[in-house]
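Presented below is the structure to which this report refers.
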């Protein structure tokens with residue numbers, strides 16, 4: 001039966017069209033996969049191919065295409081009408097039975113599903129609403145009771161009520177517990193969130209506080225410090241090496257200076273023995289010249305003086321050794337020319353040369369501290385301790401400020417002579433002449449030592465005691481000394497013809513040596529940079545203060561005329577080289593005019609101001625005050641307080657000379673009194689631009705009538721910055 005149903009279903013569900021001709025199927029044929037073809041079409045296809053045209057399944061005799069029985073075919077008309085009727089009837093009956101069976105099965109399934117649905121609905125109701133369930137149960141019980149009143153007992157009802165009560169109580173308790181648990185759950189959730197946040201915070205704090213976080217930064221900082229310390233140590237090592245080299249150089253220079261000093265002492269002893277005879281022969285002639293020219297020098301100058309005092313020339317052997325000998329010998333020379341008792345003064349000078357263990361400052365305090373009446377302080381006097389570079393410009397100037405310099409203009413205008421009652425100490429603005437400066441000049445002393453020893457014979461005075469004590473190491477600064485000798489008009493004695501001829505020859509040789517020495521003088525780059533920085537800083541203040549002083553000072557008018565006199569004398573240098581006889585005569589005339597009287601020299605207890613002018617070739621005047629004091633008592637052979645007041649005006653060119661030259665010029669000034677103005681003008685003409693010329697003081701009244709000056713003006717006039725710029 002089932003097989004017939006499948007066949008019927010198959011025949012009814014076959015496609016109507018053929019896969020090959022795409023037309024209505026005639027005599028349907030199927031392959032293994034139930035693909036329908038027309039029998040004619042499939043026969044034609046199988047002639048060329050052995051596969052199904054739809055699924056490509058091989059069609060072989062073992063698996064041929066099958067014909068469908070009962071399908072629409074051309075053979076149907078061959079059956080009779082009755083046969084076809086019975087076929088249709090049987091076919092419909094089969095379909096009817098099949099459908100009826102299927103309907104019955106479906107009805108059974110629906111009933112089962114309904115019963116299952118009802119049971120599920122009842123379960124849902126009991127779960128969601130137990131009261132309804134109880135009520136439903138009661139209703140059922142009632143129905144049962146009503147239905148079966150004889151079967152229900154009151155005991156069972158009471159039991160069910162008790163159970164119901166207990167169930168309700170349990171339900172209420174469980175409900176309360178659930179609410180409490182919900183609240184506790186909420187609290188726990190909040191606490192959990194707080195703890196999570198606290199945990200995160202603690203983790204972050206631990207990360208921040210961990211020493212490993214900043215470990216690499218600390219290591220880098222320590223490494224940088226170590227590198228910095230290494231660089232510092234290397235720099236200090238280099239500095240120590242440089243200092244060691246410098247110390248070795250200084251020690252070598254000290255050894256050279258010791259050797260040179262020993263040689264100088266030997267040469268001085270030789271010169272002393274050689275010149276003793278000439279000094280005795282010229283003693284009488286010097287005293288005659290002194291008495292002859294006493295009146296002229298007294299009128300032209302309010303007072304005359306010599307070089308620095310003997311008691312000021314006692315520095316220690318470790319500092320200013322060359323300067324000490326220079327100033328001591330200058331003092332001995334000046335006092336020897338002005339004193340009558342030569343032997344007594346010569347012994348005094350020997351004592352001065354032996355005493356070298358007392359510094360200048362302590363000695364000045366000892367000498368001047370014993371005279372409180374003379375040492376009157378002045379309110380305008382100040383000490384300026386300027387930083388001096390390690391150059392020959394360290395000692396810039398000497399200054400002496402006394403009330404007499406400011407008050408004597410009124411007295412001297414009326415022609416009266418007022419003697420000073422105020423004794424002032426020397427003011428050293430840049431007195432930093434230490435062993436460094438002496439070591440720098442030691443090479444210069446060694447270079448010119450041989451020439452200086454020859455020069456001592458040319459410029460020596462007839463008095464032997466003076467030149468015996470003079471050191472020749474500073475004769476190299478003749479460019480400044482010769483010009484100074486032209487202005488200081490207090491030398492005594494005459495020059496013999498032999499000495500004048502020797503002086504002319506030695507002067508020409510000395511000028512050439514000095515020029516070559518000045519040109520070969522070099523300075524290191526470090527010293528030059530220090531000087532440049534030092535000079536540039538002071539140049540501005542110096543220019544402003546010098547302009548204000550030059551505009552106010554009445555001495556400016558007298559400077560130009562004196563400078564013209566010095567320049568006019570420079571043109572006479574050629575005559576000096578060609579006519580040595582005329583040179584001797586002019587030298588004697590100049591010395592006779594500038595000599596001092598014995599009365600003025602013996603008056604050692606009084607102060608007499610004397611003015612000197614140093615004018616630069618560029619006619620730029622600057623003013624600087626300082627005093628050099630020296631006096632000696634020929635009777636008691638004791639060193640007395642100074643008896644002379646020097647007021648010296650420095651120009652720009654003088655400040656370019658080394659710090660030693662300032663004292664060397666003072667030493668050699670008295671020995672060079674014998675040189676004529678033509679010799680100095682020629683010397684200045686041949687010298688380097690740094691050298692200057694001295695011009696005698698002819699307008700002393702104009703200088704003394706100047707108003708009170710400030711200490712700043714003296715600093716500006718002696719500033720090394722302007723001298724360098726000039």
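Cβ from N, Cα, C; glycine included.
Feature annotations, courtesy of Swiss-Prot:
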| type | residues | note |
| --- | --- | --- |
| ZN_FING | 18-56 | zinc finger |
| COILED | 87-129 | coiled coil |
| COILED | 155-270 | coiled coil |
| MOD_RES | 210 | phosphoserine |
| REGION | 276-334 | region 'Disordered' |
| COMPBIAS | 280-290 | compositional bias 'Basic and acidic residues' |
| COMPBIAS | 304-318 | compositional bias 'Low complexity' |
| COMPBIAS | 319-334 | compositional bias 'Polar residues' |
| REGION | 436-460 | region 'Disordered' |
| COMPBIAS | 446-457 | compositional bias 'Basic and acidic residues' |
| MOD_RES | 526 | phosphoserine |
| MOD_RES | 553 | phosphoserine |
| MOD_RES | 561 | phosphoserine |
| MOD_RES | 568 | phosphoserine |
| MOD_RES | 570 | phosphoserine |
| REGION | 570-602 | region 'Disordered' |
| COMPBIAS | 579-588 | compositional bias 'Basic and acidic residues' |
| COMPBIAS | 589-602 | compositional bias 'Polar residues' |
| REGION | 687-726 | region 'Disordered' |
| COMPBIAS | 713-726 | compositional bias 'Low complexity' |
| MOD_RES | 719 | phosphoserine |
| MOD_RES | 721 | phosphoserine |
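Taking Cβ-Cβ distances under 8 Å and a sequence separation of 6 or more, residue 210 (phosphoserine) has no neighbours in its chain.
Over the zinc finger (18-56), the average per-residue pLDDT in this prediction is 89. Secondary structure counts, DSSP: the zinc finger (18-56) has 10 helix, 8 strand, 21 coil.
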